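Participant: This is the structure I want to talk about, given as structure tokens.
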Amino acid sequence: MAKKAKKNLDDITKKFGEEREKALNDALKVIEKDFGKGALMRLGDKAEQKVQVMSSGSLALDIALGAGGYPKGRIIEIYGPESSGKTTVALHAVAQAQKEGGIAAFIDAEHALDPAYAAALGVNIDELLLSQPDSGEQGLEIAGKLIDSGAIDLVVIDSVAALVPRAEIDGEIGDSHVGLQARMMSQAMRKLSASINKTKTIAIFINQLREKVGVMFGSPETTPGGRALKFYASVRLDVRGNTQIKGTGDDKDTAMGKETKIKVVKNKVAPPFKVAEVEIMFGEGISRTGELVKIATDLEIIKKSGAWFSYNDEKIGQGSEKAKLYLKEHPEVFDEIDRKVREKFGLIEGETTAEQTDQTEEKVTKKATKAKKGKQEAEPELVSLDLDTIEIEE
């Protein structure tokens, strides 16, 4: 009797399950018919879903981002103190988009873009779409229309803090406009996010820093424009300029650039909190040869013996500056080493497995830890690596 009751229950459950599955499939067909294929799908429908990315123009930053660059169809926020290199990082993305045959737009709300500097970074000024809007609403509306067209690959808004609402412009200095900019940004994010994803456009918002009043614990730093951008951004980059880079010889007292840390404080497409250390040279931007020499040496793709650097048993320079110059003068060697590094980290197709990628990061970690061990013997401290943020306590 009990077996018969159990069998009947199983039959009812099976029939109920089949009816549910049929009802779900019918609903999916209706949704696809009304809203198009792909409007609703199971995550397991595809064996592997790769996020489409565009290189940031910096090898170290591509590695820190995890996916190999900026994810397409997503919102990126770049923020940091004044003169830390935020616009430089964004302009490298513009140059990369153009290099890949895409179209880029620059919404210059700060009215401070230097065309000569942008050209030095590799931006094709003649092909760059530039707008200097009169108000925040106008700038966001222009960005929205460009994104909706589907013809733009990258749009940069510089900066959120300079997107002044029309009501504030029309008012008097000293008038209170509480939450006006935050409401404008919140509405813009709601309108733009779906269109950005649908057209696979990369939207980079540059932002400034402000300080909250009366904060006793934690960081008092915050970014203007409310919380909406923080929520909608898939990637948030914190750019901080560190020590100056001095020249050599007669220019040993002259600042030639600065070492800059770019921390991935939020990342929805890869593990966050990784750090990229780059050299931003004045008038040139991020030193791509500098970061390649540093990373390839850590991976032992470029061999270092004393002061000499060599590649494929051929000496390429005595000292890092000579090695950088060699790679600059031999772009084919630069591209070859760059590809090997990216394959090691699994950023491009190659024979690299996930296990090999982990071993690569562990290898870089051990080498960097060993190099800095002497500085730790005085007292325990945290070690910040070039390509990843790992805390080691001794």
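Don't overthink the numbers, they just go from 1 along the chain as shown.
Every residue, even glycine, has its Cβ placed from backbone N, Cα and C.
Since we're looking at a predicted model, the values are computed, not measured.
What TrEMBL shows for this protein is this:
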type	residues	note
DOMAIN	50-209	domain 'RecA family profile 1'
BINDING	Gly80, Pro81, Glu82, Ser83, Ser84, Gly85, Lys86, Thr87	ATP binding site
DOMAIN	214-291	domain 'RecA family profile 2'
REGION	350-394	region 'Disordered'
Participant: Just how many other Cβ atoms lie inside 10 Å of the Cβ on Ser84 (ATP binding site)?
Facilitator: 22
Participant: Given the recorded ATP site (Gly80, Pro81, Glu82, Ser83, Ser84, Gly85, Lys86, Thr87), which additional residues of the same chain have their Cβ within 8 Å of the Cβ centre, ordered by sequence?
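Facilitator: Going along the sequence, the neighbours come out as Val239, Gly241.
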Participant: So if I measure Cβ to Cβ from Ser83 (ATP binding site) and keep only same-chain residues at least 6 apart in sequence, which ones fall under 8 Å?
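Facilitator: Residues satisfying the criterion: Gly241.
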Participant: Going by a 10 angstroms cut-off between Cβ atoms, which of the binding-site residues Gly80, Pro81 has the sparsest surroundings?
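Facilitator: Counting other Cβ atoms within 10 Å of each of the binding-site residues Gly80, Pro81 gives the minimum at Pro81.
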Participant: Return the residues near Glu82 (ATP binding site) by Cβ distance under 8 Å, restricted to its own chain and a separation of at least 6 in sequence.
Facilitator: Gln208
Participant: Near Thr87 (ATP binding site), which residues of its chain come within a Cβ-Cβ distance under 8 Å, counting only those 6 or more away in sequence?
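Facilitator: Sequence-distant Cβ neighbours: Leu113, Asp158, Ile206.
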Participant: Based on DSSP, name the secondary structure state of Pro81 (ATP binding site): helix, strand or coil.
Facilitator: coil
Participant: Three-state secondary structure of Thr87 (ATP binding site) from DSSP?
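Facilitator: In three-state terms, Thr87 (ATP binding site) counts as helix.
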Participant: If you draw a 10 Å sphere on the Cβ of Gly85 (ATP binding site), how many other Cβ atoms land inside?
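Facilitator: Its Cβ shell of radius 10 Å holds 24 other Cβ atoms.
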Participant: How does the domain 'RecA family profile 2' (214-291) divide up by DSSP, counting helix, then strand, then coil residues?
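Facilitator: Looking at the domain 'RecA family profile 2' (214-291) with DSSP, the answer is 12 helix, 36 strand, 30 coil.
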Participant: Which ones in the same chain are close to Lys86 (ATP binding site), with CB under 8 Å and 6+ residues apart in sequence?
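Facilitator: Once residues fewer than 6 apart are set aside, Lys86 (ATP binding site) is near Ile78, Tyr79, Gly80, Ser159, Ile206, Asn207, Val239.
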